[in-house]
Amino acid sequence: VAADEGILHASGSGVPPVTKDYCIIYNSNWVSLPKTLDNATYRTLENLTSTVLCSPDEVPSGLMKDKAVVVMRGNCTFLEKARIAQNLGAKMLLIASKSRLSAISDNKTDFEDVTLPIALIRYNDIVDMQRVLGNEVNVTLYSPPLPEFDYSMVVIFLIAVFTVALGGYWSGVAELENLKAVASPGERETRWKKEENVTFTPVTVILFVVICCVMLVLLYFFYKWLVYVIISVFCLASAMSLYNCLAALIGQIPFGQCRITCSNKTIEVRLIFLALFCIAAAVVWAVFRNEDRWAWILQDILGVAFCLNFIKTLKMPNFKSCVILLGLLLLYDVFFVFITPFITKNGASIMVEVAAGPFGNSEKLPVVIRVPRLEHSASTLCDLPFSLLGFGDIIVPGLLVAYCRRFDVQTRSSSIYYISCTTAYAVGMVLTFVVLALMKMGQPALLYLVPCTLITSSLVAWRRKEMKKFWKGSSYQVGWRP
């Protein structure tokens, strides 16, 4: 069975005509579609979604003559429908499905006399077609070749590298302030009260990875309930993260520092408005999260803020903890992408199923950076109209970059670890995109990012003869001077 993605190009009867493209699934063993619209033949669409076309008696004689016909799925096979439609004079058969589009898998050898194109289309797309284009619609089918490279990957690359670099730098700034507070006893207590960092030990790293595994499996089996829990958590966490990021910027502005007093506590008025703004941003995203035209921008802004705050807040105490965390999450990524297809009943990886929404669920997890694909193709319409990069592919290597930056601050090593690790992350991202373009399938980015960043950091420490200190972490609390 060969299941291929194609495009239905629909044109309305207005002047100038309004056009729109829709996803179709067809079998290339049965029919060969043109690669461009130049050689495509248009047919008038006859909407017969009130019938399943399992019998010739369901349709009046002559209604299908020389037309493209759309009917609903039913108990009879696709090719049985096609044989009836062809005998009644139809030139194209579209089968509308209310469920998830699947492969057309009837046996062609039993129906050698069927010559008209057969394609599967979403029922919601038929409804949308009538709403947008009207009742008089001309349609044609074609299947453009997949683009070798989509320039949305460049935008994903820039967002990822920017977030990792900025998160690592911000962590270094916080570390420098901590060191100054340690060296100045008068500031120590004040700084500790402001400090909100959480330090990972090897034990907590292992516990964290176990929780990730359990959560992913639970999402696979109970997705339709847990997805709303994840959405709620994302709204809360991203609003707080956006506030922390913007508050750090606003704190550098010496203007507008009006304060009010409440319950013996003072707070800047501008921070109150900032908190309301961040909450409003998260609420707007939650309400309009399925609006593909612009909601992705707000999700990316909230996602970048979430990643930045996570990288800055979560501290890896030494390179040993980094190796354990990145190594275990690499195994986690590879297992749930490449190994689980041999375990699941439908042969799909748990990671891909959860990312796409298992069993056709329309709600998607807000745990990715999304950028609309810029190259037009059937895949854009059918599967993923967005290029995606998971938050974990930013946060996990970002924690190592942040540790490198803090180690630079602790040892005054002129940012050599930070720059090297950030560059290695960029190289790993490029390698991921190259493999993605060559293999034409989703890749676990950590498979390339983890070796690049860990090996580079190790080589820098070995070359500088600081591996022991880098592995165990620096004892900067003793003898550091500003």
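Placement of Cβ uses the backbone N, Cα and C atoms for every residue, glycine included.
Where the annotation comes from TrEMBL, it is an automatic prediction and has not been curated.
Fair warning: this is a prediction, and the values are worked out from it, not measured in the lab.
Among the features that TrEMBL reports, domain 'PA' is placed at 54-125. The transmembrane segment feature in TrEMBL is assigned to 151-170, 198-222, 228-250, 271-288, 294-311, 323-343, 384-404, 416-439, 445-462.
Listed as Cβ neighbours of the transmembrane segment (294-311) (distance under 8 Å, sequence separation of 6 or more from its ends, same chain) are residues 159, 162-164, 166-168, 170-171, 234, 237-242, 244-245, 281-282, 284-285, 288, 366, 368-372, 386, 391, 394-395, 398-399, 401-402. Within the same chain, residues 148-149, 153, 157, 160-161, 164-165, 168-169, 172, 397-398, 400-401, 404-405, 407-408, 445, 447-453, 455-457, 460-461, 464, 470 sit at least 6 positions outside the transmembrane segment (416-439) and bring their C-beta atoms closer than 8 Å to a C-beta of that stretch. Outside the transmembrane segment (151-170) by six or more residues, the chain places 248, 300, 304, 307-308, 310-312, 369, 371-375, 386-389, 393-394, 397-398, 401-402, 404-405, 418, 421-422, 425-426, 429-430, 433, 436 with a CB less than 8 A from a CB of the stretch. For the domain 'PA' (54-125), the mean pLDDT of the prediction comes to 82. Only sequence-distant pairs (6 or more apart) were considered; of these, at least three Cβ pairs between the transmembrane segment (323-343) and the transmembrane segment (445-462) are under 8 A, so the stretches are in contact. Only residues 6 or more beyond the boundaries of the transmembrane segment (445-462), in the same chain, are considered here, and those with a CB under 8 A from a CB of the stretch are 319, 322-323, 326-327, 329-330, 333-334, 389-390, 392-393, 396-397, 400-401, 404, 416-417, 420-421, 423-425, 427-429, 431-432, 435, 470-471. Same-chain residues lying 6 or more positions outside the transmembrane segment (198-222) and placing a CB less than 8 Å from one of its CB atoms are 230, 313-317, 320-321, 324-325, 328-329, 332, 336, 350-351, 353-354, 358, 365, 399.
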